[in-house]
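TrEMBL lists A:20-47, A:74-91, A:103-126, A:138-160, A:172-193, A:205-226, A:235-255, A:267-293, A:305-321, A:349-370, A:382-406, A:426-448 with the feature transmembrane segment. Taken from TrEMBL, the feature domain 'Cytochrome oxidase subunit I profile' applies to A:205-448.
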Amino acid sequence: MQATVTAQHSAVSAEDDRALAAVFSAYTVSATCWLLFATAVGLLLAFKFGAPDFWAAKYLTFGRLRPIHTNDTFYGWASIGLVGLAYYVAARSSGTKLYSIKLAWIGLALFNLAAVAGTIALELGYNWGDLEYREWPWPIRLVFLAALLVTGWNLIGTVARRTTEDIYLSNWYTVCGVLWTCVIAIVATLPWYQHGLGQVAISGFYMHNAVGMWFTPLALGVFYYAIPKILSRPIYSYALGVFAFWTNLLFYPLLGGHHFLFSPLPWWLQTTAIVFSVAMLVPVWGGSANYLLTMRGRYRDMTHSYPLMFIFVAVIGYLFGSTQGTVEAFRSMQAIWHLTNFTVGHSHLTMYGFVTFAVWGGIYALLPLATHKSPGRLGIALHFWMALVGSFIYVIALSIGGTIQGLDWLHQRPFIQSVTDMAPYWVWRGAGGLLMFLSHIVFAWNVWRMTSGQTGNAGSPILARTEGAAA
Amino acid sequence: MHHAFLGPFWGNVAIIAIAGAITIGCFVAMFWMIFRPGEKDPHHAKYEILRKDR
């Protein structure tokens with residue numbers, strides 16, 4: 001039925017495939033530029049902990065650069081990279097062409113306009129009231145919202161023209177991720193209830209949902225397409241994927257309050273946030289088990305499939321990062337870790353170990369299929385190992401250091417004692433960050449080879465088919 | 001652990017009981033699906049994606 005209805009819209013030509021590849025490439029290149037910029041700023045910030053007077057001129061102060069690092073990582077790198085992947089997955093899994101190539105380009109322009117304008121505003125000192133991850137002045141956030149609306153319209157239009165009977169699971173995650181984020185962005189922008197404790201509640205709602213209802217569903221949606229493609233094997237349990245989708249929607253929006261435990265927010269709101277932080281183990285463990293069981297018996301393939309290794313690390317990052325988030329939500333744990341560098345380690349375990357590795361895995365798995373160009377074997381290996389080792393050093397250093405920092409505060413030692421105790425861990429943070437940044441330069445080189453440059457010698461991301469493939 | 005905004009005892013019990021029951025139910029459903037993945041029909045979307053993708 002669906003196939004009949006959409007047949008006249010969905011005839012796909014080589015021209016359509018080239019246009020889709022151009023869109024996917026442009027989003028990837030744009031995201032990569034933001035990754036390089038945002039993490040260069042992050043690296044500078046990391047070393048400012050050890051040498052706070054270094055480059056301390058007005059435009060290079062920590063207060064201006066920190067939100068530039070976080071916002072450009074969120075809205076430049078991860079958002080644009082994931083939307084490019086979502087477009088490719090939507091068109092391919094629906095067996096159709098992209099609803100509108102023009103809308104995709106308009107969306108890309110809007111995402112970049114928002115990120116450039118936001119960066120300039122923050123650099124000039126126009127910070128919208130220290131509200132984490134929404135420091136851009138509100139008119140700029142409306143530009144980002146417009147980019148989301150354009151993206152949502154285009155993805156829905158593409159899925160509506162599908163030639164398949166079902167909407168494939170990946171598209172549930174990616175389309176709804178965009179729609180949920182539109183709602184979240186509107187709630188976070190409207191001013192009427194954002195004063196006093198209302199502002200605190202909305203801040204908790206936005207800062208966590210920007211991760212859990214935007215980056216998470218898009219990355220998980222990419223997994224549900226890329227893992228079966230790489231392994232030529234279906235996902236272990238489709239029903240479990242659908243169940244994880246609905247439980248993520250049920251539990252995630254209610255847990256942002258765990259960022260404000262012991263605050264004047266109502267105690268019941270904090271308790272509810274803690275309970276649903278535990279409930280989030282359902283979609284996290286269920287989803288992770290689904291991916292890992294899909295890979296069962298094929299782990300040796302990782303030795304000659306870096307796209308699979310990137311995705312495997314991302315799945316482990318999702319599993320451990322999210323489980324760590326649940327543990328952090330308990331009042332007894334927050335009493336130690338709240339406001340310490342442990343939280344920074346956690347956010348990097350999730351946004352880097354999970355989301356960023358997922359974007360890389362998706363790009364390495366799918367971009368060569370779109371452009372018919374590959375990265376070099378050495379380049380992809382260098383990228384993987386430098387990013388993995390760098391992020392390990394970073395997260396472990398801040399986790400240990402942040403715990404010591406929190407215990408210092410808990411035992412009411414002089415504040416300067418906690419600064420002194422953290423000093424060596426900040427050095428390790430910078431060392432890990434340097435490796436991570438170097439890996440991004442290599443990634444940029446790999447992206448160049450997969451899009452415009454000379455193709456490399458890495459093999460096809462699709463592995464040979466084994467048992468359990470399409471019946 | 002005491003807090004000035006703790007609220008009524010039975011209110012807290014109700015929130016924890018309802019949210020806890022939903023959570024436990026979802027855990028049971030999750031493990032059920034892990035041990036019984038289902039979807040044997042060869043025309044299911046999870047198999048179609050490997051064939052129909054261009």
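Don't overthink the numbers, they just go from 1 along the chain as shown.
Quick reminder: no glycine exception, Cβ is built from N, Cα and C everywhere.
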Under an 8 Å Cβ to Cβ limit, what residues of the same chain, 6 or more beyond the ends of the transmembrane segment (A:205-226), are close to it?
74, 78-79, 82-83, 85-86, 89, 92-93, 131-134, 168-174, 176-178, 180-181, 184, 187-188, 235, 241, 244-245, 248, 252-253, 255-259, 287, 291, 307, 311, 314-315, 318, 350-351, 354-355, 358-359, 361-362, 365-366
Between 0 and 100, where does the mean pLDDT of the domain 'Cytochrome oxidase subunit I profile' (A:205-448) sit?
94
Taking contact to mean three or more C-beta pairs under 8 angstroms, with sequence separation of 6 or more, is the transmembrane segment (A:138-160) in contact with the transmembrane segment (A:349-370)?
no
Contact call for the transmembrane segment (A:103-126) and the transmembrane segment (A:235-255): at least 3 Cβ pairs under 8 Å, seq gap 6+:
no
Cβ contacts under 8 Å made by the transmembrane segment (A:426-448) with residues that lie 6+ beyond its boundaries:
28-29, 32-33, 35-36, 39-40, 42-43, 46-47, 49-50, 341, 352, 360, 363-364, 367, 375-376, 379-380, 382-384, 386-387, 389-398, 401, 456
Sort out the residues at least 6 away from either end of the transmembrane segment (A:349-370), same chain, that have Cβ-Cβ distances under 8 Å to it, and list them.
17, 20-21, 24-25, 28, 31, 35, 73-74, 77-78, 81-82, 85, 88-89, 211, 215-216, 219, 222-223, 225-226, 229-230, 306-311, 313-314, 316-318, 320-322, 324-325, 380, 383, 387, 391, 394-395, 436, 443, 446-447, 450-451, 458, 460-462
Same chain only, please: residues at least 6 beyond the ends of the transmembrane segment (A:305-321) with a C-beta under 8 Å from a C-beta of the stretch. Say none if there are none.
216, 219-220, 223, 226-227, 230-231, 284-285, 287-288, 291-292, 295, 299, 346, 349-350, 352-355, 357-358, 360-362, 364-365, 380-381, 384, 388, 458, 461, 463
